[in-house]
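S.K.: TrEMBL feature annotations, pasted as is:
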- 60-98: domain 'Doubled CXXCH motif' (DOMAIN)
- 154-193: domain 'Doubled CXXCH motif' (DOMAIN)
- 229-263: domain 'Doubled CXXCH motif' (DOMAIN)
- 273-311: domain 'Doubled CXXCH motif' (DOMAIN)
- 319-355: domain 'Doubled CXXCH motif' (DOMAIN)
- 367-404: domain 'Doubled CXXCH motif' (DOMAIN)
- 415-453: domain 'Doubled CXXCH motif' (DOMAIN)
- 511-548: domain 'Doubled CXXCH motif' (DOMAIN)
- 771-808: domain 'Doubled CXXCH motif' (DOMAIN)
- 847-881: domain 'Doubled CXXCH motif' (DOMAIN)
- 891-931: domain 'Doubled CXXCH motif' (DOMAIN)
- 998-1030: domain 'Doubled CXXCH motif' (DOMAIN)
Amino acid sequence: MRPGIQRDRALPWMGILVALALAGLITLPSGPGAADRFKQKECLDCHKEMESALKERHAHDPFKAKKCDACHKPHGILGALNLKAEGADLCLGCHEEFGAKMESAHLHAPMQGGDCLTCHSAHGTGRPALLTHEKGELCFACHDRGPFERAHVHEPMAAKGCEACHDPHGSEHAGLLTSESIDLCLGCHNNKATLREKHGGTDITTARCVFCHDPHSSAEASLLLPSIHSPVADMDCESCHTLDDQGLVTASAGDEICLECHDLEISGIAVPHAPVADGDCRSCHSPHGSAYPSLLVQREDKLCEECHDPAGSGASDAHQPVADGLCSDCHKPHGTDHPALLTSGINDLCLSCHDMDLQEPDGGSLHAPLAKQECTVCHNPHRSRQKPLLVAGSGELCLSCHLKIKLRNAMEYPHAVVASGECIACHEAHLSSRRNLLKGAAGDLCISCHGEMVEESPKGSVHAPSKEGECLTCHEPHGGGRPGMLTDDPVAICAGCHDDVADPTAFAHGHQPVIDGKCSDCHDAHRSDSPALLAGPSPLICIGCHPDVVDVEGAQSIHPPSQGDCLACHLPHGGGEAGLLVKSLPALCFDCHDEGSEFKRIHLKLDTAGIDCSTCHEPHHSQQPSLFLAQSHAPFEERDCAVCHDPIGAGTPAAEVCKECHDLPQASLAKAKQHAPFLEGECTACHNPHVAEGASLLPVRPVDACKECHDSESLYPDAELAHEPVRMGQCEHCHESHGSEQAPLLKVGRKDLCFSCHEEMRSRLQYANVHAPFAQNSCDDCHDSHGTNFPGILTQEVPALCFKCHDAGDSQMTAKHGGMSLTSVDCLGCHDPHASKGAALSYKNVHAPYEGGDCNDCHEAGTRRIKGGERELCFSCHPGTREDLKEGKLHQPLTGDSPCTACHEPHTAPQEKLLRVTQDKLCEKCHSEAAGEFKQAAHSHPAAENGACTACHNPHLVFADDENITTQICSRCHSFKDHILHPMGEDDLDPRTNEPMGCLSCHNKHGSEYEYILAADPKGPLCVQCHTDKIREIKLN
């Protein structure tokens, strides 16, 4: 355990003990016994492992004297190494004589680093000078012993070791020598006559012995270096030097003398080595001897690197000749006819070691650089950080030439192998027996990674292209702009082979996934455990979208095929019948149901050819017996057919029969105030006389029943601008279904009818200023009851509508509007069309310049033109907004010609912040789809439901559609503790999108038909979209 942690844990207890002692709750011992207990300890009382070192012959003096505090600081209860100084500074406090050594020109590496303990022990080892190893072994702890133990060892080295010539700490002489090299040698070899005799009469007392002799050991006699120049070996110094009578060298020849013996044949060579061309032989060769072959002045690679920057220096992967330091394996050292002094052409040189056939295989492929003999296009000839000696990562390298693939890789859906730069996972680097340098058949390559795509199961199926290895029929090999790297839109790909079912135009009635081109909603693209590549067993795959079909809770009657045999009645892709039925009704029903005497008796001997069974029966299950529809006519429910069919006699009008039970509007109503079918006694034109799905025995929604006679286009030319009850298909909100005292079939008078929805408007009749049509309950003076081409269902566009009553050319009106032309103004921008507490029907929220009558603050005098650009004009008063807009992407309106007035009124408005309309309606103008989500949803987001879009959205900036941002926004109101068991966050990817799992993976932003605003039914589709394995585990009861 770390001392710091021990200390942290000990301190609280120490504090408690001190506090208790001060409080008198514990008593500290006293007397002689107490003194013994608190007697100061010696270091060795704890550090007993050091006792043996104390007895060593050459123990460190302070340690031997038990004066640990000479080097150490005391540490108290908790152990710690606290030295009085760091590194060599501690030692030099006593060993001052070595301080001068620290100033030497050449320092021993440990000395230079201030690390005395590399060679010396701090306490004792039993060796002199506290050395960590025996003298003869200490140097070999760092230095390779091979060069010191050859056959012939220098006598001082053998007898006295390294210190015979070297200072172990520092020296003014290179190599830590104790004196200059020649002086050191002559200290032993001091007989000049003998030396001259041994060296062919040459006086060498001024020469450097190490030019010819190894100072440590050698495999050669006389410690000669392994590579000796011939004249030296022959003691023929005068071949190159001029000597006087005393044997002293008086002159040395220049490098040109080398050519007298060495014929380099460099004349006419295209690429001579620079030192050769300059006649500078000694820049590479020693003229006397060398430890390296060919008299090189140092190891071959080090010598070359003196002039040539080592390509790929520091790289982990080296060409073998480079690793071995043998540059001359590839380069001629003096000159050549090939670039870079190469011994031959690039590929010939490479192929001298790398056995490779350059012939393109029949039907195969050869990599272009190899064919063009350009190995170095891809490989670095010296070193590289990329194996095998690639000039760049394999992906980056390949894409530098294959630009089309680079573009594919930049698309939204790249192949993971390409994106990670693993081209050689599929392609050979040099040649292949297949096209495109593929390592194997395309399908086999795909299966090597995606083997699960072709796994067969006993009752399952495998897509033919997958089974036959024809993956490229559907997929791009490198990447593309479509999910799954598809070569085309999914429906187009499927239609390429399955044109009989994949073309939505082939059917009068198509299955919705077929119409949407979403074959994968029902089928797996590669393989399945079910027949026909179904994503699950036949009935279960249907349940994903039609859970209501098998939800039989509370049902009294169930159609058996609905519980496991959907295809008994329905076609899977489409057909000529509504509901994808395999044939028309009643023929389909009669495939199973007997149309004999019993059937005819029950159905009052009706002609079976004209029966539509679905007008009375549910096709799947019902809470009524015999699969009857939810709403039953009372006599039919009681099976009392005679109530309607017998009492008056055959041929009696239906209306007369209905009147017997139903209290209908008085026939005395004017014909204009009666619904035509009712007036004509055609009750069954709207109602089913037996059973129906809808209330009041309507077989369809009320609006759909109305549309049978009433042309919706003539009632409201633009559905988006229609009156809300009209747009929502709620005709019955305003109209009676049979007759009314109010024309046209209105439930109440127009005044009360409008207020039945717009109750908040009624109180405004009491305001100080009320618009005359509103005060007179004449809503239709300005509004249409169903719909128009103008917002607010106005009968005309503003200002034309206003000018029906108000004279735009009136001088008084013009004066009130600053003399500006009113021919194209938006009156509603300043005036409330119904009522106001302020003068001139002004809204309650007023822009400050307008309120003060300072039109010229924003407008050029007497005109509607504003001063400068709108944005800059607004920023002049709202500088804070300018700064806020720098933080993200601008909301679309802010990029247009009317960045501010697209949402805000410039003069007055009924809404806060001068919004043109309420926040939800303002946003709906552009975001109608989002608005529809919460308007039509059974469960809406509370903020959206209340029209507070800005609870989640910034009105001025748009941020990236990032799941992290969304999750942060949600967390303002919602806690994640309810989702703690469900994976979420950066590390958990949604398998459908490959994006991080977040709130919107399961929830809709605005509204949904499911509780908690879930995006799909949590009992099935929501979960199995990700957990596709679960759909295969579901079992029918």
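One-based numbering along the chain as shown.
Including glycine, each Cβ sits where the backbone N, Cα and C put it.
Heads up, TrEMBL stuff is auto-annotated, nobody curated it.
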S.K.: Take the domain 'Doubled CXXCH motif' (998-1030) and find every residue of the same chain, 6 or more past its ends, with a Cβ under 8 Å from one of its Cβ atoms.
M.R.: 535-536, 543-545, 547, 930-931, 933-941, 944-945, 952, 963-964, 966-967, 970, 974, 982, 984-985, 990-992
S.K.: Note the mean pLDDT of the domain 'Doubled CXXCH motif' (771-808), expressed as a whole number.
M.R.: 92
S.K.: Sequence-remote contacts (6 or more beyond its ends) of the domain 'Doubled CXXCH motif' (891-931), Cβ cut-off under 8 Å?
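M.R.: Non-local partners: 720, 829-832, 842-847, 850, 858, 870-871, 874, 885, 944, 946-950, 954-958, 1005-1006.
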S.K.: Taking pairs 6 or more apart in sequence, does the count of Cβ pairs under 8 Å between the domain 'Doubled CXXCH motif' (273-311) and the domain 'Doubled CXXCH motif' (367-404) hit 3 or more?
M.R.: yes
S.K.: When each of 319-355, 367-404, 771-808 is checked against the domain 'Doubled CXXCH motif' (415-453) for Cβ pairs under 8 Å, which one has the most?
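M.R.: Looking at each of 319-355, 367-404, 771-808 in turn, the most contacts to the domain 'Doubled CXXCH motif' (415-453) are made by 367-404.
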S.K.: Do any residues, 6 or more residues outside the domain 'Doubled CXXCH motif' (319-355), come within under 8 Å Cβ-to-Cβ of it, and if so which ones?
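M.R.: For the domain 'Doubled CXXCH motif' (319-355), the sequence-distant neighbours (Cβ-Cβ under 8 Å, at least 6 residues beyond its ends) are 264, 266, 269-273, 276-277, 284, 299-302, 304, 370, 373-376, 380-383, 389.
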S.K.: Please give the sequence-distant neighbours of the domain 'Doubled CXXCH motif' (771-808): residues at least 6 beyond its ends with Cβ less than 8 Å from one of its Cβ atoms.
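M.R.: Hits for the domain 'Doubled CXXCH motif' (771-808): 715-719, 721-723, 726-727, 734, 750-751, 754, 761, 764-765, 822-828, 832-835, 841.
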S.K.: Using DSSP, how many residues in the domain 'Doubled CXXCH motif' (154-193) fall into helix, strand and coil?
M.R.: 20 helix, 4 strand, 16 coil
S.K.: What is the number of residues in the domain 'Doubled CXXCH motif' (415-453) that are helix, strand and coil, as DSSP sees it?
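M.R.: Within the domain 'Doubled CXXCH motif' (415-453) the tally stands at 21 helix, 4 strand, 14 coil.
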